[in-house]
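Student: So Swiss-Prot lists these for the protein:
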- R7, R8, E9, Y10, K65, Y122, R126, S130, R190, L191, H192: substrate binding site (BINDING)
- 60-65, 75-76, 81-82, Q104, 139-140, W184, R194: FMN binding site (BINDING)
Amino acid sequence: MDLSDIRREYIHGGLRRKDLQANPIDQFNLWLQQAIDANLSDPTAMTVATVDEHGQPFQRIVLLKNVDDVGFVFYTNLGSRKAQHIAHNNKISLHFPWHPLERQVHITGVAEKLTAMENMKYFMSRPKESQIAAIASHQSSRISARGVLEGKYLELKQKFANGEIPVPSFWGGYRIRPESLEFWQGGEHRLHDRFLYSRQDDNWTVDRLAP
């Protein structure tokens, strides 16, 4: 398979320093809203990268569930591989690929667990089917067949048919406190625009990077 000729030109225009927000969270929210307004598929989907105790990196796609001045939030099974990695090394990176807009955002930061109240508030807002699925699946554990998972789901669906589903102790969220955010905009002739926000105490510095 020859992939050498698969390429395209970037046509959506550049990114200039004068167009940037002073706060990178504001810049992120601006781009995220534009991705939503453009009807991109899964605009909140992000790659989460972690590292195990041997230094082996792993990536997976999860959905961003909140962003504010403190950080970026996602939820997962606390027994999952990513949660085990975070327990060992809470440095993490996130990546948002908004290909149709010729944009991407790369974030580095530190993960911290959400409070029980934050977990409960979000869990109770989920559809009941999603709540059941969170309990039925012990994420990253080995199972013999899909039928085992489906059987557990149906069992729990019947069990909680007429009542509230308690928040499982092995489920919760993380907030990523950002230390850097890089905004990438595709440019003509591969002269892409890259701006890196780096946290300095309570302030942010902004540097242009070569493509």
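Placed from the backbone N, Cα and C atoms, the Cβ positions cover glycine too.
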Student: Do you know offhand how many angstrom separate R190 (substrate binding site) and L64 (FMN binding site) by C-alpha?
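Tutor: R190 (substrate binding site) to L64 (FMN binding site), Cα-Cα distance: 29 Å.
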Student: Substrate site residues R7, R8, E9, Y10, K65, Y122, R126, S130, R190, L191, H192: biggest Cα-Cα distance, Å?
Tutor: 43
Student: Which of these binding-site residues is closest to R81 (FMN binding site) if you go by CA atoms: R7, K65, R126?
Tutor: K65
Student: Closest of the binding-site residues to Y75 (FMN binding site), Cα to Cα, picking from K65, R126, H192?
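Tutor: If we rank K65, R126, H192 by Cα distance to Y75 (FMN binding site), first place goes to K65.
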Student: Could you state the CA-to-CA distance between K65 (substrate binding site) and Q104 (FMN binding site) to the nearest Å?
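Tutor: Cα of K65 (substrate binding site) to Cα of Q104 (FMN binding site) measures 18 Å after rounding.
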Student: Out of R7, K65, which of the binding-site residues is least crowded by other Cβ atoms within 10 Å?
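Tutor: Taking R7, K65 as the binding-site residues, the minimal 10 Å Cβ count falls on R7.
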Student: Just how many other Cβ atoms lie inside 10 Å of the Cβ on R81 (FMN binding site)?
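Tutor: Step by step: centre on the Cβ of R81 (FMN binding site), count other Cβ atoms within 10 Å, giving 16.
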Student: Of R126, R190, H192, R194, the binding-site residues given in the record, which has the fewest other CB atoms within 10 A of its CB?
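Tutor: R190, out of the binding-site residues R126, R190, H192, R194, has the fewest neighbouring Cβ atoms within 10 Å.
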Student: Rank aside, I only need the closest one: which of the binding-site residues R7, E9, R126, H192 has its C-alpha nearest to that of V62 (FMN binding site)?
Tutor: R126
Student: Cα distance, Q104 (FMN binding site) to R7 (substrate binding site), nearest Å?
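Tutor: About 17 Å separate the Cα atoms of these two residues.
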Student: Out of E9, R126, H192, the binding-site residues in the record, which is closest to L64 (FMN binding site) when you go by Cα distance?
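Tutor: Looking at Cα distances from L64 (FMN binding site), the smallest one goes to R126.
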